[in-house]
Amino acid sequence: MRPEPTEHPERTAAQRLYQYNVDLKVAFVLYAVAKLHLPDLLADGPRTTADLAAATGSDPSRLRRLLRAAAGADALREVPEDSFELAPMGDLLRSGHPRSMRGMTTFFAEPDVLAAYGDLVESVRTGVPAFQLRHREPLYDFLARPQHKEVRDEFDAAMVEFGQYFADDFLTSFDFGRFTRFADIGGGRGQFLAGVLTAVPSSTGVLVDGPAVAASAHKFLASQNLTERVEVRIGDFFDVLPTGCDAYVLRGVLEDWADADAVRLLVRIRQAMGDAPEARLLILDSVIGETGELGKVLDLDMLVLVEGEHRTRAQWDDLLARAGFDIVGIHPAGDVWAVIECRGTAG
């Protein structure tokens, strides 16, 4: 995150500050492009500005300027006859793309979400998550309200997309083949668990999550031909944790949670694990100071949106010790994440 030393460090710093301000504008451009469903409209090839304006109910002149900005950001390409076509980045904003990143692009720029980032200063001063300051309720309560369904759908899509984006980093950084039965706690529709079971064909799994994902989980696992290998348990994490697994996985769960709640869940997992010497808790999360600099920046999302945080090694050691675990090893997985391998402590 720091510029390379040059003969003109102040100029380099100024260039980076300017670029950060431009990047913020690019995020808004991509948000507008996605919300107008322009990538979906361009999926079959170039279309004119007039055609796109009619399809989206937009002012042609202003739409042209948005399209031009999107081309400047490499999401679209400007072609002859006042027309535009998808570039590879824009293609990833299509709703039906198998590796779409539309949800994360729209969710974080939604006005209700973006407004919370505007309260960052007050959040730092008060110690209260900025989202809660802005909306007078926690993020997940807000998302559960029927009037916020569109934002909730974008959030859910963003979580799936993050999982897709980072899955290979996790799967190639750690030997999951050591285990035979996985419990994926808070595993959503089962996307990561499916990747693990595909990589380890002899293994089985238990997917644990809340009622909101039940239908999508069963549908997704069926699409991956994994129905016979995965047991789906729907309910409160504290009530439905399975016993008898040799790997308990928490992927991106504890970063959302304050320490007290995290310890409660970890204690419950420790009870479910029992005393099998080879059983492991695998926490897929950031370790500040041992993973890349980007993890420090992404911790801003935790600061603004929820009660959790990206923790340091010392914080992880303390948190896990309070629940009866110690860390066997930390396996970096790309620039942000790591697999934190934990075992139960004796006694």
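A Cβ is built for glycine as well, from the same backbone N, Cα and C atoms used for every other residue.
Noted in Swiss-Prot for the protein shown:
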type: BINDING; residues: Asp209, Gly235, Asp236, Phe237; note: S-adenosyl-L-methionine binding site
* Asked: Which is it, of Asp209, Asp236: the one of these binding-site residues whose Cβ has the most other Cβ atoms within 10 Å?
  -> Asp209
* Measure the Cβ-based neighbour count of Gly235 (S-adenosyl-L-methionine binding site), defined as the other Cβ atoms within 10 Å of its Cβ. => 13
* Structure fact -> Filtered by Cβ under 8 Å and at least 6 apart in sequence, the residues in the chain of Phe237 (S-adenosyl-L-methionine binding site) near it are Ile185, Gly186, Val208, Leu265, Arg268
* Asked: Given the S-adenosyl-L-methionine site residues Asp209, Gly235, Asp236, Phe237, which other residues of that chain have a Cβ within 8 Å of the mean position of their Cβ atoms, reported in sequence order?
  -> Val208, Gly210, Arg233, Ile234, Phe238, Asp239, Val240
* Structure fact -> For S-adenosyl-L-methionine, with binding residues Asp209, Gly235, Asp236, Phe237 per the record, max Cα distance (Å, no decimals) returned as 7
* Structure fact -> Three-class DSSP assignment, Asp209 (S-adenosyl-L-methionine binding site), comes back as strand
